[in-house]
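Below you'll find the structure, written out as structure tokens, and then a few comments.
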Amino acid sequence: MATPVRSLRPAARLIQTATRPVPRTCGARPQRYFSHSIPRKQLVGGPNERTDYHINETAEWFYQHKGSMLLKVVDQALPAGQQFKDIHINEGDMFLLPPNTPHNPVRFKDTVGIVLEQKRPEGSLDRLRWYCQNCGDKVHEAAFHCTDLGTQIKDAVNAFKADTAKRTCKNCGSICDTAPQPKA
């Protein structure tokens, strides 16, 4: 994954004409300005509390309408110890996330963003992956063919929270947090 130096600021007219905000789990198609292969758009507000990293086999487009967000990514092309990166997406900015990039969208209070996702190809799998907060190793991964992202993420997260064995790092023995911890 090539991490950009900064996100881009799109023309306001493009956003006004190309997207019509809809509730987060609505399956409405974007208007004609986007390819027919991008039927899923979400209007997402903050705050959220997630420790999982979503992996989508197709690209995702982020536009930050109100406030700022943080997109935590894992750049697997970098050496171990340097793979975890933070991408700041400010109000009015957009960012195109490459396919198969583990990412954790951190949304803050009173923020609103738009996410466009492509229709999942037949047989594709979305994955949720948890990494050890102590050593960075992969702790657990859940996979599913995406039909209802909101419900499927919730089910996978709840299963992870309920099972201490799934939350235990095989490398260092730490038990993963199920919600982000406040910074000291």
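Each Cβ is built from the backbone N, Cα and C atoms, and glycine gets one as well.
In TrEMBL, annotation is done automatically, which means it is predicted and not curated.
Here is what TrEMBL says about this protein:
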- Arg50: O2 binding site (BINDING)
- His54, Glu60, His103: Fe cation binding site (BINDING)
- Glu60, Arg107, Glu117: substrate binding site (BINDING)
- Cys132, Cys135, Cys169, Cys172: divalent metal cation binding site (BINDING)
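Sequence features, as recorded in TrEMBL, placed on the structure.
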residue	record	Cβ contacts under 8 Å, 6 or more apart
Arg50	O2 binding site	Asn104, Pro105, Val106, Val157, Ala179, Pro180
His54	Fe cation binding site	Pro102, His103, Asn104, Pro105, Asp126, Arg127, Leu128, Ile153
Glu60	Fe cation binding site	Leu96, Leu97, His103, Val115, Leu116, Glu117
Arg107	substrate binding site	Val44, Gly45, Gly46, Pro47, Asn48, Met69, Gly113
Cys132	divalent metal cation binding site	Lys138, Val139, Cys169, Asn171, Cys172, Ser174, Cys176
Cys135	divalent metal cation binding site	Cys169, Asn171, Cys172, Ser174
DSSP-derived structure type at His54 (Fe cation binding site), helix or strand or else coil: strand
Densest Cβ neighbourhood among Cys169, Cys172 (binding-site residues), 10 Å radius: Cys169
CB-centroid shell, 8 A cutoff, divalent metal cation site Cys132, Cys135, Cys169, Cys172, site residues removed: Gln133, Asn134, Gly136, Asp137, Val139, Lys170, Asn171, Gly173, Ser174
Site extent for substrate (largest Cα pair distance over Glu60, Arg107, Glu117, Å): 18
Shell list (Fe cation; ref centroid = CB of His54, Glu60, His103; cutoff 8 A): Tyr53, Ile55, Asn56, Leu71, Leu97, Thr101, Pro102, Asn104, Pro105
